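To start, the structure under review is shown below, and the notes come after it.
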């Protein structure tokens, strides 16, 4: 909760909205957001000593590498299985039907729970899980480091990164390899849709491919993913890397509820309408869809396939609903042993002319990851049938497998078993080899491994023809304007030390993690990591006051579904968030807080009175001159028994004139009577005042106090004039809404700093000194936010809750 101040500086707060900073590729004859390569590409030049011929070294086998090892490397690039088109051909009326899918599953499809498993596929699954069980006792961090080192394609990513490509990740090189191996990119103008795309490497990889291959096309793209800024999304389920999202926010679709969850019961319908508008606006056909979705299966890795089945069906149906005829679809799957997976692959064979199971060389050989590359969409299915299938396989709570009207073709089943056999055997061989190296291998084995890695890199470069070019235009144009703020006496190195946003972290062995999950609340608290986190002592100085043109750009106030849990925050370490949620869930924790309530309220009062007296001391931090008037706005009802108010009064001992107000109207009246600058104490927490009517039930005070925070800050900004001070008592600042309000305040005052002590309520006092003057446009904007919040619905499925008051990209 203290991360707001240092977060502002280290993220480089910009005074532009995301609509202004989202990069738009504007080439010749292109429209907004549209990538056009119609202009003649400039002649390529390479860095001195670097050329395609020097990087695409001849495909000669290393002389000191045995033939078997050479074949192992070459086989990395041959992990492909093509389904025969004849395997799904049928005779009679079925083949002549205008809706091939309905011919197989019927007009009213259903799922059956008692469909028997294929015995041969289950035997393969058992064999694979048996070898996976050997990994349960190994520390996950050590094992990950080991398998990364043993990966034959380990040299590819470092080399590609050195070429300076945009957002080089494992996903980037995997998709680049797929693009080169399979002809899925149309030659003409097209639109692409990338499902479950974060962090965005498929998009940047495709962008690089189009330019390096001289594809003369107009290209536009859209993407979906779990929204990394939606605070109710769990870090265990999403990739929170926002490197591309923050600079291309308008290209991403998160649905009406704002979560980005493609399996939400309205998401695909919203996506269908959204893509239809984009196709009409850009006058492009959607000819490529990718789906790189997955779920965290560390709790039960043996059942990874079943855990992701619902997601895969959702991705497939979304692709078929949006794709144009002859379009292509790339779907990431894992093992394909279960009946639901068999049905999925069969349906893809029905809907596409060609289906190929492919594992790129740069996909770790020891995992179950496979890409189904589907070409030439037949468009041989009615939308109505797809919607029924979506309700049945994604939204229905009934478990089971799609029931087919007739037996699946024997030839298809035989091919499917063969496909699964090949990929599972490749995976088993890799795991066994990694275990052998993990348990002890001499220097000769590692020398041979390094030779194989160099050879694999050579083959990758030959097959992809990837080289360095200075003329590849990037997707994201990173704006490096100066920050609106300055933190005195803090070096860049210190800022960088606090700037890492930690993603999900897994530690220990699988057995140990399973044991931890079964422990009691108290046992888990005892196992928590002890952190030495000192109280913040940062002063933030505003370099660029808020301008009216900036506020005018905040036109689209983002809304979404209400939530009662803050599972992630872009402004807080994920491990702290996990621990905080675990603590708050226990009723005993709240009881403990109530037992110490009086002491806490008195502590807050002492803190506030010290700040007030500090303002009266010449030379104190931020103290301009002696203050004559303090306006105390605590509760909605001016109750003399308020513990905070009594504590403040007992500590200042009549050394200042203190007026107490109970409403915005009284604040206005007192403020207008002041002829000189004054100080306002404003309580926007729920300490002594549970004013959370209409808000969702939550053990996060910040969520219950959101309306109060907006209303009071808006009122205070209307009535403060130049030179005044504001002392704000608030709870946590973990959400976009709260952080945006503090951002507005920090841009409206010369100096901002936090005065806080560790407490069970997570309350903190933020001090704003020397108001820079009013901003009429800002007052209007906050009034509109208040009106929107007043119209919010608490009924499900609501999607009109205000999520932010400032585009979140301005805070990053």
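Yeah, the Cβs are placed from backbone N, Cα and C, and that goes for glycine too.
Per TrEMBL, region 'Disordered' is recorded for 29-63.
Look at TrEMBL and you will find 35-47 tagged as compositional bias 'Basic residues'.
Neighbours of residue 200 (S-adenosyl-L-methionine binding site), defined as other CB atoms within 10 A of its CB across all chains, total 30. Residues annotated as S-adenosyl-L-methionine binding site in TrEMBL: 200, 219, 292.
The 10 Å shell around the Cβ of residue 332 (active site, proton acceptor) contains 22 further Cβ atoms across the protein chains shown. Residue 332 (active site, proton acceptor) falls within a strand when secondary structure is assigned with DSSP. Here TrEMBL flags 332 as active site, proton acceptor.
Each residue contributes its Cα atom, and for residue 200 (S-adenosyl-L-methionine binding site) and residue 332 (active site, proton acceptor) those atoms are 15 Å apart. Each residue contributes its Cα atom, and for residue 332 (active site, proton acceptor) and residue 292 (S-adenosyl-L-methionine binding site) these two points are 5 Å apart.
Listed in sequence order, 171, 194, 195, 196, 197, 202, 332 are the same-chain residues at least 6 apart in sequence whose CB falls under 8 Å from the CB of residue 292 (S-adenosyl-L-methionine binding site). Residue 292 (S-adenosyl-L-methionine binding site) carries neither a helix nor a strand DSSP state and counts as coil.
The maximal spread of the S-adenosyl-L-methionine binding site, taken as the longest Cα to Cα distance among 200, 219, 292, is 20 Å. With a 10 A radius on its CB, residue 219 (S-adenosyl-L-methionine binding site) counts 27 other CB atoms from all the protein chains. Annotation note: residue 200 (S-adenosyl-L-methionine binding site) sits in a coil segment as assigned by DSSP.
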